[in-house]
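Only one structure is covered here, and it is reproduced in the block below.
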Amino acid sequence: ARRHRLFLRQFPITCETGPGSPSGHCMITGAALWPLVTALSARAAQRYRSPAARWLPVAVYLLFLLAVGLSRVFVLAHFPHQVLGGIVAGVALGWGLQACPPPARSLRFYGATALGLLLGALGLHRAMAAAGIDIDWSIRLASSWCSNPSWLRLDTRPFASVCRDAGSALGLGLALNPPRFLSGGVRDLPPQPQLRVLGALLALGVLEGLQRVPQPAAEPLWYGAACLRHAAGPCLVAVALPRLLRALGGAPPAPPHAE
């Protein structure tokens with residue numbers, strides 16, 4: 001049999017510098033969409049009384065996860081077993097956590113969580129470096145094997161993930177505990193369906209705009225800006241946009257919620 005040499009093509013998102021087992025893209029997508037899929041499935045079953053209608057959202061959900069997994073394998077960001085592991089872990093997380101809604105927490109709790117994530121990551125990095133462990137091994141290997149060094153981006157490094165998580169935790173705390181002059185939020189969205197659709201589109205636009213905000217070149221400033229950017233997302237989407245939509249719908253601002 002004739003043998004043909006196999007050439008692998010790299011892409012700008014191929015040179016990931018953080019370990020990816022299981023696939024975080026598949027895991028987060030699977031966990032985040034699971035509550036939406038189960039809600040759509042239950043509503044379809046009540047409205048159409050058909051098993052096919054009930055399972056249609058689940059089928060679309062699984063096909064979407066498969067497409068995400070194939071895309072990650074195609075750009076050489078993951079091996080197939082990492083993708084499958086991410087899908088299974090995401091579905092399990094979505095199913096397990098859906099029945100356990102977290103209790104209400106104060107802004108201090110979310111702020112302490114964000115600070116703990118940042119300080120814990122920095123402390124662990126310093127401790128492992130002092131012990132002689134090369135915690136940046138993935139960055140070194142990516143620098144050696146990536147065909148274009150400019151494709152190595154800070155947002156794929158492990159500490160960038162910590163900054164995203166810390167910023168999101170702080171932003172979630174601010175969104176759930178807004179200042180009194182901004183009280184309201186997603187629970188007080190206007191009832192008009194067209195305004196709710198507009199709100200969803202505006203939310204997507206706001207999040208996309210935040211992703212396109214220019215970042216500083218210096219690493220410390222870049223990480224700080226990334227943390228603030230992800231903190232701004234929940235505040236804008238869950239507090240500012242609902243208040244804007246209520247104003248567009250002619251509804252008075254929602255009264256402050258009881259503590």
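Every residue, even glycine, has its Cβ placed from backbone N, Cα and C.
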Discussion item. Of the ranges 30-46, 81-97, 217-233, 234-250, which one does TrEMBL flag as transmembrane segment?
Written reply: 81-97
Discussion item. Quick test of the contact rule: Cβ under 8 Å, at least six residues beyond the ends. What residues does that give for the transmembrane segment (109-128)?
Written reply: 135, 158-159, 162-163, 165-167, 169-170, 172-174, 176-177, 227, 231
